[in-house]
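Chemist: Would you mind keeping the following structure in view while I ask a few things?
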Amino acid sequence: MTIKNEEQNTNKLKYPKKLLSIGCDSDGNTYINIEDLWKKELEGKDSKMEDKWYKSADDYWKGVEATVDGMLGGLAQVSPIDVVASKLFIQDFIKGTDSRPPIDMNLALDCGAGIGRVTKDFLLPIGFKNVDLVEQNKLFLDKAKSEIFKDDSRVENYYAVGLQDFKFERKYDCIWIQWVIGHLHDLDFIEFLKKCMDSLTPNGIICIKDNCAKKTFVMDKEDNSVSRTEEHLKYLFDQAGCRLLKTMVQPNFPKELFPVLMFALERK
């Protein structure tokens, strides 16, 4: 599905009225509503990587240093706090509960992996036997492969492709998606979630960790991403056929940052 087709089919997303409020961008400009954002920001062409929406984000990340500080926008100091909360969030699924058996720990997928920070500090230490990385920027993956995981065979595959074009080849016990969904158009996000669900092991889960806007969506003109509200995200989860299992707010982040929420999902 191309952006060109998406532009023609955007109206198929019947946004509830509560999501059709005025939004803004990081330059102070406003959008009538989320439909107005997509109408103004998307330029349909045959190839998604040539599309303005995805190309702008790709161009931004090509200029970012391949370090933890670069991955976190100059906020490397929040990485340990981030990892602690992620470990706490996933414990119920690793240990299992009265209503849900433990997930297997054979294979995880790190989406929007960058140089592999989440894999190195979180997914491997909590016990996943193997992890695959998917990341649009090949230079980030090259650093992960040649330096960070040079002597670690537990990282098996390095997929240099955007999530909107990623084709799953394996089944995963956990698909971890952190600080990347803002780069996906709503319809591409829904389609990606559907692919994720089709690529889970029988008891697998999808985990999303990302910024959440407080009152309405905010478009970041620097890296070409959109921060959605919690309500907006839950609407998209529902449209994709996902059941929400757990939500948690990331604690102890600097107050000037967007709130960061974690969501665990499975197929309805």
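Count begins at 1; order follows the chain as displayed.
Cβ from N, Cα, C; glycine included.
This is the feature table in TrEMBL:
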BINDING   Gly112, Arg117, Leu163, Gln164, Gln178  S-adenosyl-L-methionine binding site
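I'd like these features described in context: how deep, what's nearby, how far apart.
Modeler: When Cβ atoms from all protein chains are considered, those within 10 Å of Gly112 (S-adenosyl-L-methionine binding site) total 25, not counting its own.
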Chemist: What's the number of neighbouring CB atoms sitting within 10 A of the CB on Arg117 (S-adenosyl-L-methionine binding site)?
Modeler: 22
Chemist: Inside 10 Å of the Cβ of Gln164 (S-adenosyl-L-methionine binding site), count up the other Cβ atoms and send me the figure.
Modeler: 23
Chemist: Rounded to a whole number, what is the top Cα to Cα distance in Å among the residues the record ties to S-adenosyl-L-methionine, namely Gly112, Arg117, Leu163, Gln164, Gln178?
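Modeler: This binding site's residues have a maximal Cα-Cα distance of 21 Å.
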